[in-house]
Amino acid sequence: CRQALRSVAGPEVDFARAEREYQLYVGVLRGKLGLQVLELPADESLPDCVFVEDVAVVCEETALLTRPGAPSRRKEVEAMKRALESLNLNIVEMVDENATLDGGDVLFTGREFFVGLSRRTNQRGAEILADTFKDYAVSTVPVHDSLHLKSFCSMAGPNLIAIGSSEAAQKALKTMQQMSDHRYDKLTVPDDAAANCIYLNVPSKGHVLLHRAPEEFPDSAKVFEKLKDHMLIPIAATELAKVDGSLTCCSVLINKASE
């Protein structure tokens, strides 16, 4: 935990609690929602490897292995590559040494991609993503004052963007609205970190939303409660948040019939 990258110094991660929170997260996906969960092996030489979202972007049958912006994270791609190969996906590798891309900067809305240009993701990385997923429009969004685009937004429903209330988040939303031909609904929450949630459309369960727990962000949790059509599942991420982690960071969702 001490070696994990973090943008600001703060309290130490409680490792036992982090493990409990992670087990709950996996338990919800596997047990409560009935998803097939493929866990990557832990690698003690890669302290950030729990954040699997950053090393792959998967859409339909294609997986783009990224080139993470932090050089210390580049080896994480190897375990992800093996896992995605086992699922028989079409794999594209980002080999251009001028490109950087973190999956945390990639928001797929179901109809287009928004890519945050941040400290971890550059224009060349966004261009390679656009080349990989040619069927979809790709727009870039400058990200300031946050690690990733999804540090303050995510999809909360089929046409619904959850967005934080900070000036930076609202400015990014405005850019996305200007870039898109489509009008999205928005759900504004008081806390930027709480705007990172996981939306799933699960057969037999319908609309499901994993969101940060009320004990962490009580005001934002109240906003999520307005989503009457969703199955709402609160999940705490207090420990991963200390090292810039959030809910979407710990999984890559792949829509594939189980073999």
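Going from the start of the chain as shown, residues are counted 1 onward.
From the backbone N, Cα and C atoms, a Cβ is placed for every residue, glycine too.
Since this is a predicted model, take the numbers as computed values, not measurements.
Its Cβ taken as reference, His148 (active site, proton donor) is surrounded by 27 other Cβ atoms within 10 Å in the chains shown. Look at TrEMBL and you will find His148 tagged as active site, proton donor.
Here TrEMBL flags Cys249 as active site, nucleophile. Residue environment of Cys249 (active site, nucleophile) contains 26 other Cβ atoms, counted within 10 Å of its Cβ in all protein chains.
The Cβ neighbour count for Glu53 (substrate binding site), using a 10 Å radius over every protein chain in view, is 24. The substrate binding site annotation in TrEMBL covers Leu5, Asp48, Glu53, Asp54, Arg73, Arg120, Val243.
Other residues of the chain with a Cβ within 8 Å of the Cβ centroid of Leu5, Asp48, Glu53, Asp54, Arg73, Arg120, Val243, the substrate site, are Phe51, Pro68, Ala70, Asp102, Gly104, Asp244, Cys249. Residues Leu5, Asp48, Glu53, Asp54, Arg73, Arg120, Val243 are the ones the record ties to substrate, and the longest Cα gap between any two of them is 15 Å. You'll find the Cα of Val243 (substrate binding site) roughly 11 Å from the Cα of Cys249 (active site, nucleophile). Each of the binding-site residues Arg73, Arg120 was scored by how many other Cβ atoms lie within 10 Å of its Cβ, and the smallest score goes to Arg73. Most buried of the binding-site residues Leu5, Val243, judged by other Cβ atoms within 10 Å, is Val243.
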